[in-house]
Amino acid sequence: MERYMSLKKKISYSELIGSAKANELQTQLQAYVPGKDPNIVVEHEPSKNAAKELIRGDYRWGHQGDDKSETFQLTYSFLESEPDNMPWHITGFSAFNEEQRTAAKLSIQSWTDVANINFTETTDSDKAHITFGFFDASLTGSYAFAYLPSPESKQSGTWYNLKSRTFSENDIGVNGYGRQTFTHEIGHTLGLEHPAAYNASDKERPTYKKSATYFEDSRAYTVMSYFGEKNTRTDFKGIYSSAPLLNDISAIQEVYGANNTTRTDDTVYGFNSNTDRDFFTAKDENSKLLFTAWDAGGNDTFDFSGFTQDQRINLNEASFSDVGGLKGNVSIARGVTIENAIGGSGNDILIGNDAENILKGGAGDDIIYGGLGADQLWGGEGKDTFVYLSAKESPPLERDWIHDFVSGEDKIDVSLFDLGEAGKGGVKFVREFTGAVGEAVLRYDTVNKVNDFAINLGDKFSYDDFWVKIVGEPILESDFILA
């Protein structure tokens, strides 16, 4: 196993030799990755099985061999009176009011969005798989609790302390701690455990330092954790996730299968959202987003255009983005492709994935990096920098197109361009290719008003070389930052 740096020792990068913008991008590509991000203090080693730790006890409805292609059917009910089997250590039953029922249903929906399960409400609480109720006194000091299921289970209850202000109207809304608590306890009823063997009833209060057994045990990765997101470098500024996060989604799909019917059309997250989910929706510049995107198909967009802060938007699966003034508050579930991103009016960094991305920086001095795939790139207003790290990111048959480039303001940066062993001399402009590695040619099509920028990796120019199209007026060699 790869070893990580010891407690409270920061991890440094290898020395970067590119431009300031290229180095900033390179740093962002490694953000939130323990062992690579120098801002992370590693108190526990990362786990390659972090998601599976949530289902280590094999608690579930149904059996291990059940067909995950078939949707698992469950029922739930809100208790209207004290049940005969009310847990021994609590007293003072109360039923959920309408606002609390609505919030709990939204938490249920957030689980069915990602897993191949279906919940149906029933008024027959005796036969419901999962029940909801309040209490107002506990011999053990309970705040909220739920029962884990088993293949032979007939019912699992969730209970919440009504004396806690957490379950008032304000705190059960989106990003509230009460709403997260509903999502957390429902996670237990579906079979998810805490990331490690700790509980609120422990004699000694659990802490990240003493109780976590691996790095990812924080609320940045899972709603099942007791520990704040700052333990793993992210910062949500006091809000809480209303829906399953990165490792929750992987874990619940391992048990019941994935819901592959969720958001199969072209979906927009953030501003102009069509998700019909409050936690995916931004209404104005003061909105706070916190989510992991699970999306089963379509051509999808992260639209963070209404924010004014400097943002870091990464479209790669299992990555974290800094959106709307928070840190690491938006992530993408494993196996999910989000194709497009729109930045705001700050100085943003937009990072594409292997798909054919559309990236729009918006106002501000942005850094745009398409990665692999034939991308369409817009910098928007401001002094923007388009960074390339290798020829694979824009080969002749999958060329990127850069739009709205302004000569003298915007830059194309190849200062960290990988030319291999034969290209130690870097990238240099020439009139015509001679076959030498690193030769660059700039041409302008006066009819179509398109610039062509190409780099030769050796011998004749071929499919393995680099070629990008820049739309607009003629650009100059001085508009490039070379390796």
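A Cβ is built for glycine as well, from the same backbone N, Cα and C atoms used for every other residue.
A C-beta separation below 8 Å, combined with a sequence spacing of at least six in one chain, links E185 (active site) to A144, F145, A146, T158, Y160. Summarising the annotation, Swiss-Prot assigns active site to E185 and lists similarity to another entry as the type of evidence.
What Swiss-Prot records for H184, H188, H194 is Zn(2+) binding site. DSSP assigns H184 (Zn(2+) binding site) to a helical segment in the three-state reduction.
Taken from Swiss-Prot, the feature Ca(2+) 2 binding site applies to G298, D300, T337, E339, supported by similarity to another entry. The Cβ of T337 (Ca(2+) 2 binding site) has 17 neighbouring Cβ atoms from other residues within 10 Å, across all protein chains displayed. For the recorded site, T337 (Ca(2+) 2 binding site), the DSSP three-state label reads coil.
Feature annotation from Swiss-Prot assigns repeat 'Hemolysin-type calcium-binding 1' to 342-359; the stated evidence is sequence analysis. In the predicted model, the repeat 'Hemolysin-type calcium-binding 1' (342-359) shows an average pLDDT of 99.
The repeat 'Hemolysin-type calcium-binding 2' annotation in Swiss-Prot covers 360-377 and rests on sequence analysis. Note on the repeat 'Hemolysin-type calcium-binding 2' (360-377): residues 21, 24-25, 29, 305, 310, 316, 340-354, 383-389, 392-394, 398-403 of its chain, located 6 or more positions outside it, place their CB under 8 angstroms from a CB of the stretch.
Note on proximity: among H184, H188, H194, the binding-site residues of the record, the Cα nearest T337 (Ca(2+) 2 binding site) is that of H184.
There are 24 other Cβ atoms within 10 Å of the Cβ belonging to D300 (Ca(2+) 2 binding site). Checked against D300 (Ca(2+) 2 binding site) by C-alpha proximity, the binding-site residues H184, H188, H194 yield H184 as the nearest.
On a Cα basis, E339 (Ca(2+) 2 binding site) lies 30 Å away from H184 (Zn(2+) binding site). If you count neighbouring Cβ atoms within 10 Å for each of the binding-site residues H184, H188, H194, the highest count belongs to H184.
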